[in-house]
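Below is one structure. I have some questions about it.
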Amino acid sequence: MNILTDPLKLKTSGCADANASKCAEGDGEGSVQVQLDPNVKIGSAKVFSIYGKGGIGKSTTSSNLSVAFSKLGKRVLQIGCDPKHDSTFTLTKRLIPTVIDVLEEVNFHSEELRPEDFVFEGYNGVMCLEAGGPPAGTGCGGYVVGQTVKLLKEHHLLEDTDVVIFDVLGDVVCGGFAAPLQHSERAMIVAANDFDSIFAANRIAAAIQAKSKNYGVRLAGIIANRSRETDQIDKFGAATGIQRVAHLPDLDVIRKSRLKKMTLFEMDHTDEILAVQQEYLRLATEMWEAKTPPVQGKPLKDRDIFDLLGFD
């Protein structure tokens, strides 16, 4: 059975076939909403999506959070949802083939694939997958995400998984790259203590709340990353009710871990590293035990964000 249609052949006028994820009508400018097929849901695993401004450190955060869950004894699957397919390289020490790569090799006949063709074991047993995506300017990345989940279910790879982490492309909040929210119970936003990333976080929060009207996903809060201080993030939180759930400081050793293709849990155990490891373990524990309650906050209008942030 061929469960994935070539994304380059997708049209905005409708789905590729009757079994594909449903597509809403276009908005007149070529945009479509990719909606979850009710028959394709992740099972009993806890599912989290990580969003944030491009380059803010989502992949570093996601990978170290995945390891933290694995250190708690959980079976973890990390799914990279970016055509750059670099979400998992600190876990696997290489750029692994994407789902799109391997499907192209078999002319999109998914029944010819084996699990080891597209799922790879990384550090401390974290299972890694890169969804990939169509070339720039073509197809729909959200469709690829939805069909990746279908492929995982087809091979029964979600049955022995406790935690799934979606690491999602930049600050794109279109219907396509919002697709992981349809599978998630909690979404977190990675932001630094600066205007641009908080501005992006505000827009992402609005997208998450829009999805929460039809799906079970709820915003859990903001992970402050690459930031010595958190005063601007906390000011934003006070104005919106969107709380900060973790603080990961701006340390050179974190940058070096990416260059060494390592997670922070593999680096030399300095006091700095141990403190950051403990912060990841604390956050993973709270996420697992559902101690990160859903945010009932209200994102601000763009002009209000502009007026709010900055020094008096």
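Just so you know, the numbers here start at 1 and follow the chain as drawn.
Heads up, the Cβ atoms here are built off N, Cα and C, so glycines get one too.
From Swiss-Prot, for reference:
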type	residues	note
BINDING	Gly55, Ile56, Gly57, Lys58, Ser59, Thr60, Lys84, Asn225, Arg226, Pro249, Asp250, Leu251	ATP binding site
BINDING	Ser59	Mg(2+) binding site
BINDING	Cys140, Cys174	[4Fe-4S] cluster binding site
Across all chains shown, how many C-beta atoms besides its own are within 10 angstroms of the C-beta of Asp250 (ATP binding site)?
15
Please identify which of Gly55, Gly57 has the densest Cβ environment, defined as other Cβ atoms within 10 Å, among these binding-site residues.
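In terms of Cβ crowding, the pick is Gly57.
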Sorry to bug you, but what's the C-alpha spacing from Cys140 ([4Fe-4S] cluster binding site) to Gly55 (ATP binding site), rounded to the closest Å?
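Cys140 ([4Fe-4S] cluster binding site) has its Cα 22 Å from the Cα of Gly55 (ATP binding site).
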For Ser59 (ATP binding site) and Cys140 ([4Fe-4S] cluster binding site), what Cα-Cα distance in Å is obtained after rounding to a whole number?
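Taking the Cα atoms only, Ser59 (ATP binding site) lies 21 Å from Cys140 ([4Fe-4S] cluster binding site).
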Would you pick out, from the binding-site residues Lys84, Arg226, the residue whose Cβ has the largest number of other Cβ atoms within 10 Å?
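The most densely surrounded of these binding-site residues is Arg226.
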Listed binding-site residues are Gly57, Lys84, Asp250; which of them have CA atoms within 10 A of the CA of Cys140 ([4Fe-4S] cluster binding site)?
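So the list reads none.
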Across the listed ATP-binding residues, Gly55, Ile56, Gly57, Lys58, Ser59, Thr60, Lys84, Asn225, Arg226, Pro249, Asp250, Leu251, what is the farthest Cα to Cα distance, given in whole Å?
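This binding site's residues have a maximal Cα-Cα distance of 25 Å.
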Including all protein chains displayed, how many Cβ atoms other than that of Ser59 (ATP binding site) lie within 10 Å of its Cβ?
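I get 23 for this one.
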Would you mind pulling the DSSP three-state label for Ser59 (ATP binding site)?
helix
So how many other Cβ atoms are close to Cys140 ([4Fe-4S] cluster binding site), meaning within 10 Å of its Cβ?
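That number is 25.
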